[in-house]
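> Sharing a structure here in C-alpha cells format.
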Amino acid sequence: MAKNKTIEERYQKKSQIEHILLRPDTYIGSVEMHTQLLWVWNKEKNRMVQKNITYVPGLYKIFDEIIVNAADVKAREKEKSENPMTCIKIEINKENKRISVYNDGEGIPVDIHKEMNIYVPHMIFGELLTSDNYDDAEDRITGGRNGFGAKLTNIFSKEFIVQCGDSSRKKEFKMTWSDNMSKFSEPHIKNYNGKDYVKVTFKPDLNKFGMTEMDDDIESLLFKRVYDLAGTCSVRVYLNGQRLAVKDFKSYVDLYLKDNSNDNKNNKGQNDNNNNNNNNNDENANQNNDNLDVSLSNEPADGTPTKNNNNNNNNNDEDEIVKIHEKQHRWEIVVSKSDGSQFQQVSFVNSICTTKGGSHVNYIVEQLLSSLSKKANAKNKGGMEIKSGHIRNHLWVFVNCLIVNPTFDSQTKETLTTKPVKFGSKCILSDKTINNVLKSPILSNILLWAQAKAQVELKKKMKAGSSKARERIIGIPKLEDANDAGSKYSQECTLILTEGDSAKTSCLAGLSIVGRDKYGVFPLKGKLLNVRDASFKQLMDNKEIQNIFRIMGLDITDKNKDDIKGLRYGSLMIMTDQDYDGSHIKGLLINMIHKFWPSLLKHKGFLSEFVTPIVKVQKGSQEYSFFTIAEYEQWKENTNLLGWKIKYYKGLGTSTDREFKQYFSDIKNHKIMFLWTGDRDGDSIDMAFSKKRIEDRKLWLQNFILGSYVDHKEKDLSYYDFVNKELIYYSRYDTERSIPNIMDGWKPGQRKVLYGCFKRNLRNECKVAQLVGYIAEHSAYHHHGESSLQQTIINMAQTFVGSNNINFLEPCGQFGSRKEGGKDASAARYIFTKLASSTRSIFNEYDDPILKYLNEEGQKIEPQYYIPVIPTILVNGCEGIGTGYSSFIPNYNYKDIIDNIKRYINKEPLIPMVPWYKDFKGRIESNGKTGYETIGIINKIDNDTLEITELPIKKWTQDYKEFLEELLTDEKHQLILDYIDNSSHEDICFTIKMDPAKLQKAEEEGLEKVFKLKSTLTTTNMTLFDPNLKLQRYSTELDILKEFCYQRLKAYENRKSYLISKLEKEKRIISNKTKFILAIVNNELIVNKKKKKVLVEELYRKGYDPYKDINKIKKEEIFEQELLDAADNPEDNEEIIAGITVKDYDYLLSMPIFSLTLEKVEDLLTQLKEKERELEILRNITVETMWLKDIEKVEEAIEFQRNVELSNREESNKFKVARKQGPSSMKKKKKKKKLSSDEESEGGDTSDSSEFLVNTLNIKKNTNKKTTTSSNNVNNSKKRLRKADDLNSNELDNTLSVSKTFDDNNNLTDNTPLINRLNDENNEFSSNNVDNKSTNKNSRKKKPKIADSTNDNNSELNSSIQINDNVNDDINITISPNKTINVNEFSSIKNKLLELGI
C-alpha cells in the first residue's frame, strides 16, 4: 500500500454501475480472453462441434441475459393466452458489432410506474435491482432472478436500445442508452395498433472485453446459444433472417449426435466425414410425437434399435447413434453414448445453458447409474468391478427442464445448485427408458471397456519378473525347482506338473533315478481353470495359473512367443491319472498354452505327457501293461482270463516307489510328445473348450465311436488325436452323468443308488450316511464324493409337489419340502431311507438277469440301464446339463402313461399327454409349440384382499415369500400393503392386502401375471441317451414312449428266453442227478476208492453233462473275480479231458450221501415232471400278456404306496387338529395291547399295519371299526393284493400273516423256487416276492406265525392260517375254528398262495 495516499484515496465508495464496471467478474464473469473446449455452431457442417475456442465469458454472458429474457416470456405464458409467443428473432452483425433480439408474446406494459414515476420499460432495462422475480412465494420457472439481467448488458454496451409494443394500451415505447448506461434519451412514445413485442438492440463495448471486433469463435458460440433457444423454447427461432430447422428438443439433440462419432475420431487425429443433410433428418425426427422413444439411427424413432445406414460409414458399433428419449411434465431427457473417455452432458434450466451441469443432471444420471451398474456387473460377473464412475464416462445426457425458483453457483449460472426436493416436479425415468438404455450399445461399450481395462490389469499381474527374478523362484509353496532352472541350461530343463501332492511324492521317488538338476516338480491342486472364456476376476484370483507362469518364466504380454529362449524351463510335462479326469486336466493345460501362447504348441518337444499303466496283468513270467481302459477291454475280449492276475491302478498313488523308479529308468517309453500337425489341431482345442462352440461339441459327441483310443505304442500324439481319441471320453462321461437314459430315466449316480439298494435288499430303514458307504463300495462310486451321492439319495426319496410323482425310496425323516425345493432336508447322518413299496414292482427283479452289467476294476457293478415296467423317465421327468447338451422332460401321470402302453400293446393310436405333478392343485396349459405353463391359484376375497393357495411348479414357498417382501418394500412400485403367510411345508396359503385401486389395476393386467404365478415347462429339449447309448433328441413324449415300448417288449422276449433256459438247466440237472443216483444204487457206477480225475473221465464217457455245458443260461460276461478265485484252486481247475475240470461235476459229486436213495429218485422224478409242466406254461404265454400282468401289479403297488402316503398325511393332520383343540384332546390315546416277552425283545409294537405291510409285504387286516376314508383306501389296496380266484375275500375275516414259502419238496422253507415266478395257471409273473433272508434279527417288527395244526387251543388261532400238509399232498387251510378249506390239487392252491406273496 502506497504511503503517500490519503485516507479519502484509500477508502472509497463507488456507485452500483461503477462497481459493476470495476469488478465485472462478480456479475458477468471474466472479461479476459479464455481458451476452452466448448460446443459451438459450425456453419459449414451445419451442426454442433466441440472444439477449443478463445472467447471472453463476460461478452457471452451479456448476450445470454437478453436471450434468456426472451425465453422467459414463453415460460410465463399462461394456457390460452391472448398474446401467445410464436417466435424469437435474433440478428448478430459481426461487421457492425450490433446484436438485436426480438420476441412477441406478452409484452412489457408501456405505462408509468407510480412509485418510480418512470415508464416500466425504462425501469426494468435502465434501473439496477429492478425485476418482477422478487416474490419468493410465487413459483416461477423463468431464468431471471436477481434484478441484474439486461441491465448488465446495458452497462457493458456502447449503445442499448429498447423497443416495446403494448397492444392493450395501444402504445409503442422506444428508448436509447449509451456510454455504459451513463446516458439515456427521453422515452419516445407513439400510438401503436400491432401485437405485443419486445426488441432489444445493443452494441457491446468491446473495449471493456479487450476486443476490437467480434471474431469467428465468439460468433460460433453465440450462434450455438440461438440454436439452444430453438431446441428448448418450443417457438420458431430466426437467426439473421433465416428460420432455424429445429422444432423441438429431439431434433436439437440431433445437431450433436449426427456425425459426431467421426468428430471424436478427428480429435484423435482421424479424418472426418461430412453430412449436411441434418435439416431433412430433423423434419423426419419429429414425425413421432410419443413421449417415449428410442432410436439408434438417423431414422424416426420407433423403439427398435437399428443400425445407422449412412453410406459414408461402416455399419459397426462405433457408428451407431443412440438416442433414447423421454418426455415428462417439465422434463425432457435424451440419453446417448459418449466415447468412453469422459462423461458428457448438455443441459438447460429454464432455457439457461448450464454448461457445467448441476443437481438436475445428477438427478437423472444417478437413476441410470443404478440400473447400469447392476446390469453391467451382472454381465461382467467374475470380471473387474465396474464402478459408477466408470459407467458415467460412457454416458452422454441431454436434459431440458423447468425448475421452480432455481438457484445457481454464481451469476454466470453455469451450475444448478437447487436440491431435487425443491425442483417443483419429479422425473422418474420409466422402465421402458431404463430397459432401452440397458439394451443399447451403452452397456456393451461399458463391458468392452471393462474387458480392455481388465486385460491391462491382467498383464500387470501376470507379467514375468526380471531376469534376475527368473534365476531363482521363491515364495511358491510345494514347488520343487530344478537346480538348473533359470540358468544357461534352462532350455534343457523340464517342469513336471502332477495331479495332486501324492503324485508329486511318487514323482520325486522316480527323480532319484534321473536326478534333480534338469527336472522340477509342481503339484496341481485339481483341475485348472478353463482360461478360454475365463473372466478377469477368475484369472486375477487364480494363484495356481500365476504360479505356473512364474515358474516357467512365461509372459502373458508376449502372445507371439514361438521359442523357448528366455524361459526358466525348456519343456513342460504333464503327469496325471490315466482316467477321464486326468485327460481333462491335460486338456485344460493344453488349452491354457494355446490361449496365451499358441505358437509354443508348434514347438516340438515343448509339451509332453508322462503315462503310467492303468491296468497290469500277470500270468507266470508274462506281464502286460495297459494305459487305457479301452485298450485293456480289447485285450480282455480276446483272452481267456483263467490264471491271469489283474491289478488296477486307480491313480498315480497306486504305483509304488519301486515302480516309479522303474518308470523313470525307462522314461522314454513312458513319455509321449504332443505334436502340432496343422490348423486342425488348434481348431479342435478351441472346439473342446470354447463356450461359443456348443453346437460343434454336440456334433463332436454325436460322432463319437466307442473303441477308438490313443495308441500308447506311438511316441508322438497330435493335439487333434488327443482331443478326438482321449479327451472325448471325458466329455462323453460328463454328458452321461448329466443326461439320463431313456430306458430307466436314471443318471449313473441314481442307477448306482438303486443297484446298491437292490443288492442290500433294503427293506428295513437304513441311515442315509451309512447307505452311501455301502453304495460306494458295491458300485465303485469314487468320482464326486459322498455329499453328491447323499443328495442323490435324498432327491430319489422326495415327495413334495414338483419333485417325484413316484418316489423310489422312502423318506424316513426330513427329506426336504416345497418350502425351499428340498434344500431344507436334514443332514444325511440324521435321516433314514429304504426301498419304497412300489419300487420292486416297477423295477421287476425277474429282469435283473437279462440286464447288461458294467464292470469296473474287475467288480460287477450296476447295469448299463434298468428296464422298468413303465417308463420312469416320463413319470418323474429329468433335468440336466452336460458337455454340449442339456435336457428337460416334465413329469407325466403314470395312469396316462399306462393307458398309452395298453394302446401300444393293442396297436391303437396313442393319445398325447399333458404334464402332471402329484398334488399340484393349479392348472397346466399349453403355451403353443414350446411347451406348457403351470399356473398357480389366486382368488379375490374382497376389494382389497387376495388369497394365493398354489404356486407354479418349481417356484418354492420361501422364494415366493421373498418376492412378496420386495413388492411390499419397493418404494418406487409398492404394489401390496401387507401379507400373511399361513403356508405349511405341504400347502400354500398367502393372504395379501392391497389398495383397492391397485388391485383393480392388477386384475385388468391379470393377477397371475402381476404376481408371477406362471412357470414354463419346455418340451423342446427332450434329449436322452437311447438304448444304444447314443444321444438322441425326441420331439414329443410319445416318441419317448414308443421307443421305450419297443425296447420293453424286446426285454420281455429276453426274460422269457432266460426263464425257459433257466428251467431247462434245472431240468437237465435233475435228469443228471436222477441218472447218477440210479447208477450208484444199481451198482452201475462205483465212486469209492477212485481218484477225482478217473471219476470225472468216467462220468464224461458215460454221457453225464458237465456243468459248463448245462450252464448256458449264464451270461456271456464272465466276471474277473470268479476267474481270480479259480486261479487260487489250480487242482480243481486242471483240465482232465476235452476242457473238462473237476468242478464241472461238483453238482453230482458233492451230493450228500443220504440223497443216494430210491426215495430221492422218486422226488426228483416228481420235480422233473413239474419242470416240464412249467416249461409248457412258459412257452405258451405271450410277452404282451406278461407285460399286462406286470402293469396290473405296478398299478396296485403304486396305489397302495399312495394310499399309505395319504394315510400318514391324514394322521399328521389329525395331530395338528388335536394340538389346536388343546392338551385334553391329546390325552385320548389308544390302549396298547400287552406284549409277550418275545414281542418285547423284538420291539413288538405292531399297531402300524401299513408300515408293516410296506416292510414285509405280509398282509394284515385292520380290525379297527372306526377307520377313516384314507384308512379304508389302504385296506382296499391290501385286499386287492391278497385276493385269490378260488378264495372269497369275505372268508378272510381274521389276520392273514404268512412269511414262509414252499420249496420243490413241498417243505416250508425260506428258499424261493422258480415256480414262485409263475403266479397262476396263465403264468402270471409275480413282482411281489419276499426275500426272507433279509429279515433282520434286530427288526422291530412282530414275527408272523404259522399256526400248528395240532394245537387246538392255539391262542393265535384268530390271527393266523393253519396249514396241514399230509402225505397225499392234500392241504387243509383253517381260516377260523369252524371254517376249513380242503384242496386236493397241490399245485393249484400252491400257486394261489404264491400269488399272495407267500
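Heads up, the Cβ atoms here are built off N, Cα and C, so glycines get one too.
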> Write down the single range among 72-81, 162-171, 812-821, 1012-1021 that appears in Swiss-Prot as region 'Interaction with DNA'.
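It is 1012-1021 that Swiss-Prot annotates as region 'Interaction with DNA'.
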> What mean pLDDT does the predicted model reach across the domain 'Toprim' (493-608)?
86
> Let's see if you can do this one: DSSP helix, strand and coil counts over the domain 'Toprim' (493-608), in that order.
54 helix, 19 strand, 43 coil
> Of these recorded positions, Lys151, Lys527, Arg697, Lys698, Lys747, which scores lowest on Cβ atoms within 10 Å?
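Ranked by other Cβ atoms within 10 Å, the recorded positions Lys151, Lys527, Arg697, Lys698, Lys747 bottom out at Lys527.
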> Whole-number Å only: compute the distance from the Cα of Thr412 (ATP binding site) to the Cα of Asn530 (site 'Interaction with DNA').
58
> Fill in the CA-CA distance, Tyr781 (site 'Interaction with DNA') to Glu499 (Mg(2+) 1 binding site), as an integer in Å.
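That separation, Cα to Cα, works out to 20 Å.
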> Taking the Cβ of Tyr830 (active site, O-(5'-phospho-DNA)-tyrosine intermediate) as the centre, count every other Cβ atom within 10 Å, in any protein chain shown.
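Excluding its own Cβ, the number within 10 Å is 12.
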> At the Cα level, what's the spacing in Å between Asn69 (ATP binding site) and Glu499 (Mg(2+) 1 binding site), rounded?
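If we compare the Cα positions of Asn69 (ATP binding site) and Glu499 (Mg(2+) 1 binding site), the gap is 80 Å.
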> Given the recorded positions Lys151, Asp579, Tyr830, which one's Cα is the least distant from that of Trp956 (site 'Interaction with DNA')?
Tyr830
> Just how many other Cβ atoms lie inside 10 Å of the Cβ on Asn69 (ATP binding site)?
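Other Cβ atoms found within 10 Å: 22.
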> Out of Gly149, Lys527, Ser788, give those recorded positions positioned within 10 angstroms of Glu499 (Mg(2+) 1 binding site), comparing C-alpha atoms, in sequence order.
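Those near Glu499 (Mg(2+) 1 binding site) - Cα within 10 Å - are Lys527, in sequence order.
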> So for Thr412 (ATP binding site), how many other CB atoms are inside 10 Å of its CB?
20
> Where the distance is taken from Cα to Cα, which of the recorded positions Gly149, Asn530, Lys698, Lys747 turns out closest to Asp577 (Mg(2+) 1 binding site)?
Asn530
> Can you tell which of the recorded sites (Asn530, Ser788) has the fewest other C-beta atoms within 10 angstroms of its C-beta?
Ser788
> Please report how many Å separate the Cα atom of Tyr830 (active site, O-(5'-phospho-DNA)-tyrosine intermediate) from that of Gly149 (ATP binding site), as a whole number.
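For Tyr830 (active site, O-(5'-phospho-DNA)-tyrosine intermediate) versus Gly149 (ATP binding site), the Cα atoms are 83 Å apart.
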